[in-house]
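Asks: Got a structure for you, questions after.
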Amino acid sequence: MEKMDRIKEIYNRVINGEEVTAAEAEELSQLNSEEVWQLIMLARRITEEFIGDKEVDLCSIVNAKSGSCSEDCKFCAQSAYYDTNVEEYSLLSKAEIISRAQEMEDKGADHFGIVTSGKEILSEEEFQRILEAVKELTEETGLKICASLGKLSIKRAKLLAEAGLERYHHNLETSANYFPEICSTHDYSERVTTVKNVKAAGLEVCCGGIIGLGESFRDRIELAFKLKNLDVDSVPINILNPVEGTPLEYSDSLPPLEILQTTAIFRFILPDKMIRYAGGREDNLRSLQPLGLVAGVNGLLVDQYLTTEGQGVEKDIQMVKDLGLM
């Protein structure tokens with residue numbers, strides 16, 4: 001059977017409600033450029049079938065606490081292990097968090113996430129401040145409120161849910177197999193436990209990873225199947241932007257077509273999930289960035305990322321409109 005026919009066969013199985021196998025996903029990772037374009041177009045049809053043809057969610061964040069992280073993730077500008085010249089500051093005031101949220105709502109964002117550096121929130125005072133901000137934002141804005149505070153217990157997850165939080169973000173980053181190559185200060189299982197705690201508290205889960213860390217296609221596929229197994233709600237795909245001062249400073253960029261191929265494979269594996277491009281899409285996809293929304297993406301992190309700037313909400317909205325998706 002020719003590759004084109006095989007791709008179509010796997011696509012038909014997905015459309016009919018069957019699950020892609022790991023072996024089939026491996027097949028989809030071994031395509032030439034012509035075959036990748038077919039994969040991308042079929043991924044778009046899967047998105048339309050399971051999600052809808054005009055559903056692009058815009059998520060925004062505030063870096064509410066920056067730098068001095070105790071963990072040694074090799075890609076991260078905020079790790080205390082590396083000299084990256086990242087701006088460092090303690091937790092923002094409730095008023096500062098709310099002001100940023102209102103700004104993003106005015107610009108057209110649907111979700112707003114409060115993000116803090118560090119393995120977890122150790123200070124009870126800081127956690128209470130975040131709870132108060134979540135409660136006020138839920139009451140005073142039309143935004144869906146999210147948080148990314150690191151490791152989280154079921155007790156704290158329930159408190160966030162009671163305050164009005166809708167979704168909690170906690171990435172697995174990569175496969176269990178490759179994770180020791182990028183972090184040694186905590187175990188992969190800790191991240192999985194936090195995801196399970198969040199689900200047990202009744203919150204939606206935003207959980208994905210980063211590609212371009214030196215991992216294999218098989219690692220990406222393993223990550224996608226782990227996310228499927230955990231039944232997460234939203235899957236952010238970050239693309240490494242090498243940070244000066246980190247061990248991955250001199251990493252080679254992924255080819256744009258490989259990024260689109262990876263995105264499409266995620267859509268085949270996760271047909272009914274929100275798949276969202278986050279940091280790194282502008283620099284890595286370059287002129288092919290809009291095609292991510294064809295390859296399976298139906299959400300974007302917009303405006304500012306944690307330590308870098310995006311292309312701006314206005315350009316993102318225009319990009320979505322130009323594709324006829326808004």
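Note that the numbers count up from 1, one per residue, in the order the chain is shown.
Every residue, even glycine, has its Cβ placed from backbone N, Cα and C.
Model, not experiment: these values are computed from the prediction.
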Asks: Of the candidates ARG100, ARG129, ARG267, ARG276, which does TrEMBL annotate as part of the [2Fe-2S] cluster site that also includes CYS146, CYS206?
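Replies: Checking ARG100, ARG129, ARG267, ARG276 against TrEMBL: the [2Fe-2S] cluster site match is ARG276.
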Asks: How long is the line from the C-alpha of CYS206 ([2Fe-2S] cluster binding site) to the C-alpha of CYS73 ([4Fe-4S] cluster binding site), rounded to the nearest angstrom?
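Replies: So the Cα of CYS73 ([4Fe-4S] cluster binding site) lies 19 Å away from that of CYS206 ([2Fe-2S] cluster binding site).
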Asks: CYS146 ([2Fe-2S] cluster binding site) to CYS69 ([4Fe-4S] cluster binding site): how many Å between their Cα atoms?
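Replies: For CYS146 ([2Fe-2S] cluster binding site) versus CYS69 ([4Fe-4S] cluster binding site), the Cα atoms are 21 Å apart.
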Asks: For CYS76 ([4Fe-4S] cluster binding site), what residues in its own chain, 6 or more apart in sequence, show a Cβ-Cβ distance under 8 Å?
Replies: CYS69, TYR82, VAL243, THR246
